[in-house]
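**Q** Straight from Swiss-Prot, here's the annotation block:
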type: BINDING; residues: Gly122, Thr123, Lys124, Gly125, Lys126, Ser127, Thr128; note: ATP binding site
Amino acid sequence: MRISALEGCRVALWGWGRESRAAYRTFRAAFPKQPLTLFCTIAEATEVQALADPVLSIETEVSVPRLAAFDVVIKSPGISPYSPLAVAATAAGAHFIGGTQLWFAAHADTDGVVPGAVCVTGTKGKSTTTALLAHLLRAAGHCTALAGNIGMPLLELLTPQPTPEYWAIELSSYQTGDVARSGARPVLALVLNVFPEHLDWHGSEQRYINDKLSLVTVTRPRIALLNAADPRLASLALPQSDLRWFNRRDGWHVRGQVVYRGDRAVLDTALIPLPGAHNGSNVCAVLATLEALGLNAVALAPAACNFHPLPNRLQFLGERDGILWVNDSISTTPHATLAALDCFLGRCRVAVLVGGYDRGVDWECFAARITRKVPLDIVTMGANGPHIQALLAPLAAGRFGLHAAVDLPQAVALARTALGAQGGVLLLSPGAPSFGAYQDYVARGRHFAILAGFDPEVISSISGLGIA
């Protein structure tokens, strides 16, 4: 559905996050006098009323009959279509679309392809990978947009001037289905990895995997680029796309800490400001993307050394009193926490803070791995903290310290005490979402920075968003 098709329709917005705000501005720019209804919270309604929009109706209670009363409901990506309310509304005739769906439909050419669109998804690493891709495309002299789930809704760049040559677009599992439903196809779709996350939104592990992979299985990109080291991805067959791989010995891969193209050594990852073996894989993904687009990836690889890392992703805040503070607030799965720990274990003393919102993710894998290479201390916190504590308690004796905190300030205090005068690394890598305690992972990371004694404004901005 294109935006023009909304003219004369009964339209509602459901949610008032950043994506919905962008959808509101887009709708109002196209149809200044057309009535619009917004379903939002009471707190959000106060903010929205300040817009003084005479043809905007605000409702703070949402129901099946009200949703079904509209021709189209533009839904915030954070609202699950699998929730009982959304399912019942759909059965009653409600038609939901998303802002990402509107953008892709608006930009598709006559063949259904969105020129220059490179979509990046994966359970972890997608923000860093998308930003690094934009960085290297710009280093090659190409006007490139960096947008999507990374922090700039696509609808904020609906009709940019000049039109970018490339679009580096990060997509969450909430948004990949939007692309599939738009009928549009990206030039290239990159999938980094897939393991269980967002089970509360998707309802099951298999549905999460299906929704995530719809970017390549349903959307049919011209080029599908997959991680050969991921078992779920390695088994895919995509006959309607040009299927490419990274993390294979005959292509882009990492040996030790060096990035190779086949047998040719190209780049030492120690020169790139992205710690961890997982980031070496992300670099390979970006270079394989550039190559698939027909660019000289080998020549562009050194420009990765000038990349500015993103906040809240293994972000080195600085050192205070012998303690190196590392903010990995983006970590929302146990797999991500294990990857963060791998950057430090065996090299220095580490106290790690884990736990947060409980969405039913299994921590058994964390417990199994943590005994092989142990940190100095683990501090649990948040709603799933007691569950993690119970899993780790039988393993801790004589191996690592284990403490329980009620919140982040107490967790930080316990970790500082554990590190003591000898110091070490104090790592926030929760392996769980921030909901319930914070608005989002950014707010959690900012609070961590304050507790560490650093200015949250300095460490929170993402450079390069938009078009450059």
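Each Cβ is built from the backbone N, Cα and C atoms, and glycine gets one as well.
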**Q** List the residues of the same chain that sit at least 6 positions away from Gly125 (ATP binding site) in sequence and have their Cβ under 8 Å from its Cβ, in sequence order, or write 'none'.
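**A** Same-chain residues close to Gly125 (ATP binding site) (Cβ under 8 Å, separated by 6 or more) are Leu192, Asn193, His278, Asn279, Ser281, Asn282, Ala285.
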**Q** With DSSP assignments reduced to helix, strand and coil, which class does Thr123 (ATP binding site) get?
**A** coil
**Q** Cβ within 8 Å of the ATP site's Cβ centroid: which residues qualify beyond Gly122, Thr123, Lys124, Gly125, Lys126, Ser127, Thr128?
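**A** Nearby residues not in the site list: Val120, Thr129, Leu192, Asn193, Asn282.
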**Q** Within 10 angstroms of the C-beta of Thr128 (ATP binding site), what count of other C-beta atoms is obtained when all protein chains are considered?
**A** 26
**Q** Among all the protein chains here, how many other CB atoms are within 10 A of the CB of Lys126 (ATP binding site)?
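**A** Here the count is 26.
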**Q** Does DSSP put Thr128 (ATP binding site) in a helix, in a strand, or in coil?
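**A** The residue in question, Thr128 (ATP binding site), is helix (DSSP, three-state).
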**Q** Counting every protein chain present, what is the number of Cβ atoms, excluding its own, within 10 Å of the Cβ of Gly122 (ATP binding site)?
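**A** Taking every protein chain into account, the count is 27.
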**Q** Using a 10 Å cut-off, grab the number of neighbouring Cβ atoms around the Cβ of Lys124 (ATP binding site), all chains included.
**A** 22
